[in-house]
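Q: Sharing a structure with you now.
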Amino acid sequence: MPKAKISALGCYTPPRVLTNQDLEKLVDTNDQWIMERTGIRERHIAAPEMATSDMAIEAARCALLQRGIDACEIDAIILCTVTPDHLFPSTACLVQNAIGAKGAWGFDLIAACSGFLYGLTTGAHFVMAGTHKKVLVIGSDTMSRIIDYTDRATCVLFGDGAGAMLIEATDEADDGTGFIDFLGEIDGSGGEFLRMPAGGSRRPASHETVDQRMHYVHQEGSQVFKYASRKMYEVCRDLLERNHFKVEDVGLMIPHQANKRIIKAAGDRLGIAPERVMINIERYGNTTAGTLPLATRDAISEGRLKKGDLVLFAAVGAGYTVGASLWRWAF
């Protein structure tokens, strides 16, 4: 069976930066309040003319450039997002056309903040099945389009950004790098605690839904915090145990960047040293499907992630969706 490895990485964030001081002018909040509760200092915001596909295209091109391959070599595109350009056609189709990935197939994957992690796992299994040689997994979200900037509880949390990873087959059997295992679960009983109430078939767009601001993110923060910090710890613990690894074996844990307090709580319960937990939420906020590739890029640039390291990705998102995966880093 072929091995699946991550062979390239590309990211994109819009140039505009929205600071906590900027938010002080919009809602009743301040830098200290935001930093203490979230760990976020600033976030990037897409220009009005920029959509999710535009950021995804930039990230995809960066990944292809890093790998030095043509888009025609891509077999499949998995586009992870909760903010597609349209309900249909899929954003994956728009990206495929723009980058010239002729012959590729693909789809959009909606799993909120766990989306990119689920996409990585799906892509890895396509490769390991022997049916695909190269799968491009992209996480891209323009969360600013579904955020209520009169709600201080949510508007401080989110930013816009995108990242792409190329997964490909490798015959380097003795290299030891690549995908190891994944563990995930969903729990629909928590769906009401983090959601966008309208815009789907349950509550299609109407004057009423717009007037009631139902097309924005609604969150019950305390419920999400308790669940996320507990489940992130549990899924990481169980995945390590299943593969006979100790916490000390992990070179770097790269968690979804939702809230610094959630990450710290999960890491403390897991017993992993803080210096082996990647946190970059201060600069980007929660970019939903973009957080894992953005955090991975920064880890590499800071010299915290090197070839051969055991990497533990973890995420908890709306739904609820939960997951963790282990990889031996390949570059």
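Using N, Cα and C of the backbone, Cβ positions are placed for all residues, glycine too.
For Cys113, His256, Asn286, the entry in Swiss-Prot reads active site, with the evidence type sequence analysis. What Swiss-Prot lists as region 'ACP-binding' is 257-261.
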Q: Tell me which residues of the chain lie with their Cβ under 8 angstroms from that of His256 (active site), as long as they are six or more apart in sequence?
A: Cys113, Ser114, Leu117, Met232, Asn286, Thr291, Leu292, Ala314, Ala315, Val316, Gly317
Q: Six or more residues beyond either end and a Cβ under 8 Å away: which residues meet both conditions relative to the region 'ACP-binding' (257-261)?
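A: Distant Cβ neighbours of the region 'ACP-binding' (257-261) are 37-40, 113, 157, 225, 228-229, 279-282, 284-287, 291, 294-295, 316-317.
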Q: From the DSSP assignment alone, can you count helix, strand and coil residues within the region 'ACP-binding' (257-261)?
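A: Going by DSSP assignments, the region 'ACP-binding' (257-261) contains 2 helix, 0 strand, 3 coil.
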Q: For a quick check of understanding: among the active-site residues Cys113, Asn286, which residue's Cβ has the most other Cβ atoms within 10 Å?
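A: Of Cys113, Asn286, the one with the most crowded Cβ is Cys113.
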Q: Over the region 'ACP-binding' (257-261), work out the mean pLDDT and round it to an integer.
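A: Value for the region 'ACP-binding' (257-261), mean pLDDT as a whole number: 98.
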Q: In DSSP terms, helix, strand or coil for Asn286 (active site)?
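A: The three-state answer is strand.
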